[in-house]
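Over in TrEMBL, the protein carries these features:
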ACT_SITE  HIS65  active site, proton acceptor
BINDING   ASP66, VAL69, GLY71, ASP73, SER75, GLU87  Ca(2+) 1 binding site
BINDING   PRO162  substrate binding site
BINDING   HIS193  heme b binding site
BINDING   THR194, ASP245, THR248, ASP253  Ca(2+) 2 binding site
DISULFID  CYS34-CYS114  disulfide bond
DISULFID  CYS67-CYS72  disulfide bond
DISULFID  CYS120-CYS323  disulfide bond
DISULFID  CYS200-CYS232  disulfide bond
DOMAIN    24-327  domain 'Plant heme peroxidase family profile'
SIGNAL    1-23  signal peptide
SITE      ARG61  site 'Transition state stabilizer'
Amino acid sequence: MCSQVVGLLILGVFLLGGSPSYGQLSPTYYDDTCPNASSIVRGVIQEAFISDVRIGASLIRLHFHDCFVNGCDGSLLLDNTETIVSEKDAIPNANSTRGFEVVDSIKTALESSCQGIVSCADILAIAAEASVNMSGGPSWTVLLGRRDSRIANQSGANTALPNPRQNITTLKAVFEAVGLNTTTDLVALSGAHTFGRAACRFFSDRIYNFSGTESPDPSLNSSYLETLSALCPQDGDGTVLADLDPTTPDGFDKNYFSNLQENRGLLQSDQELFSTTGSDTIDIVNLFASNETAFFESFVESMIRMGNISPLTGTEGEIRLDCRKVNNDSSGSADVLVSSI
């Protein structure tokens, strides 16, 4: 099924009332106040792709890492100030998350067209969809109306985000903690690793000292192990990048799941989905590996669910004029903002 058809199917679900309620978020939120918002975002990303083939994967990762900490509130984008301890410096994000300059360019373009209207949190949601679709993946109707947090939560980022060395039990707990299901949501959203890169430091232990054994991860395909060993020699440069999907590294497709079946998952957290004996995720990996339409449809549904994690709406938060700082540049803390999902 082509991406346009997937998008129409999802839109049909909304129009027929077949989806769960998503609070105050709406696909038509900016229709009157900034009708060109989505096209402006897409235009900036298209330009960015010309010089940076990785930017799509980087932008969707920003949306993930934003939503898993305090909800989808743009808190990840805040820089350090006297009162804000930035999530960018949390262990899962430091020297890893990227694409902030593209978000800045999107915000500048939106402010020129409709000042003070489109939130930074919504920019991340729109950019995630655009990045997937421009890379060959599905399109979907993005629900909008999120507002921006005035605080950051670095300590939360250090504990709430999935990390590449987690086993299936921990991964499930991380997803359950934010209201996502531990089967289809976990596997479908992990499928975002069908494009992008990861640095050697995030998986070198699988090559040389898995779980303190001083041996490779036994689940690693032997030829893939040789490839990774050559790319990431022991005690080598931990910043060297490897393709998350060695088959089609820049395309959004089902090959991530085919790789898992062949024990060619780059990160431990990827391969755990297929190699954990008795896991209820194995059948879903097999389904997605054989049926790209099933993957695309599930991915869209899971992205919409993730995008609804604790959004600030109504009069909560603010619409930042600069995604890197709160409007009065004086508030913020590392305290957890508690909202319902």
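Cβ coordinates come from backbone N, Cα and C, glycine included.
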If one measures from the C-alpha of HIS65 (active site, proton acceptor) to the C-alpha of ASP73 (Ca(2+) 1 binding site), what distance in angstrom results, rounded to a whole number?
11
Using Cα coordinates, what distance in whole Å links CYS323 (disulfide bond) and SER75 (Ca(2+) 1 binding site)?
9
Within the domain 'Plant heme peroxidase family profile' (24-327), what mean pLDDT does the predicted structure show?
98
With an 8 Å cut-off on Cβ distance to the THR194, ASP245, THR248, ASP253 Cβ center, who else from the chain surrounds the Ca(2+) 2 site?
PHE195, THR247, PRO249, GLY251, PHE252, LYS254, ASN255, TYR256
CYS232 (disulfide bond): which of the recorded positions CYS72, ASP73, HIS193, ASP253 is the nearest Cα neighbour?
HIS193
Protein Cβ atoms within 10 Å of ASP253 (Ca(2+) 2 binding site), excluding its own:
19
Near SER75 (Ca(2+) 1 binding site) in space, meaning Cα within 10 angstroms, which of the recorded positions do we find among ARG61, CYS67, CYS114, CYS120, CYS200?
CYS67, CYS120
Taking the Cα of CYS67 (disulfide bond) as the centre, which of the recorded positions listed as ASP73, GLU87, CYS114, CYS200 lie within 10 Å of it?
ASP73
List, in sequence order, the same-chain residues at least six positions removed whose CB sits under 8 Å from that of CYS72 (disulfide bond)?
HIS63, ASP66, ALA121, LEU124, ALA125, ARG146, MET306, GLY307, ASN308, ILE309, SER310, PRO311
Distance [Cα-Cα, Å, rounded] between HIS193 (heme b binding site) and CYS34 (disulfide bond):
32
Based on Cα distances to CYS114 (disulfide bond), point out the closest of the binding-site residues GLY71, THR194, THR248.
GLY71
Distance between CYS120 (disulfide bond) and ASP245 (Ca(2+) 2 binding site) at the Cα atoms, whole Å?
29
Residue, out of the binding-site residues GLY71, PRO162, whose Cβ gathers the largest set of other Cβ atoms within 10 Å:
GLY71
